[in-house]
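Copied over from TrEMBL, here are the features:
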type   : residues : note
DOMAIN : 17-44    : domain 'C2H2-type'
DOMAIN : 45-72    : domain 'C2H2-type'
DOMAIN : 73-100   : domain 'C2H2-type'
DOMAIN : 101-128  : domain 'C2H2-type'
DOMAIN : 129-156  : domain 'C2H2-type'
DOMAIN : 157-183  : domain 'C2H2-type'
Amino acid sequence: MDHSSTSQTGNVSENKYQCAVCVKSFSKSRSLSAHRRAHTTLKRYKCDLCKKLFGDRWHLMVHRRAHLAKKPYQCNECDKSYTQNNALITHQRTHTGERPYHCRACDKSFNQSSTLTAHRRVHTGEKPYQCDQCCKSFSQSSALATHRRTHTGERPYECDVCFKSFNQSGSLMSHLRTHTGER
């Protein structure tokens, strides 16, 4: 695994250290270093509420805030609050319209560095997420997660009217229109 950091260009001081394995980025190199361990370290810290595993106590603590509804970072513009300050900063850009992450290959700009990273794959053709069942590759982890359901048979999206289930949220949305008569 290559875990080299890439520095974000532009006048944005936060999130300039990006993980080469996933789309996460950080404002400090030591935060990136700590994050890298998540890809390589044995995950021995378990959430007692949902059993999710973490490589260190800090990430477990941040995760537990979501269960305990502890969201200390409040937006001044609306009623939204977050478990982490960086999530609040990203959210505040929806109010300001700030899009500090610019694609060098086209004119698009984004409010999150992770969205820019995913967008760049449109230009590079990179597909870093590979199915361990059939070796098909995807440019986004969410697309891989959806694809995996073809192998597992998981259908997590259920219609509240007739209880039919689907493997994609979009399929459920289309199905719901059969009950309302919409096209």
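Here the Cβ of each residue, glycine as well, is placed from N, Cα and C on the backbone.
What you see is a predicted model, and the numbers here were worked out from it, not measured in a lab.
Per DSSP, the secondary structure of the domain 'C2H2-type' (129-156) breaks down as 12 helix, 4 strand, 12 coil.
Note on the domain 'C2H2-type' (129-156): its mean pLDDT in the predicted model is 89.
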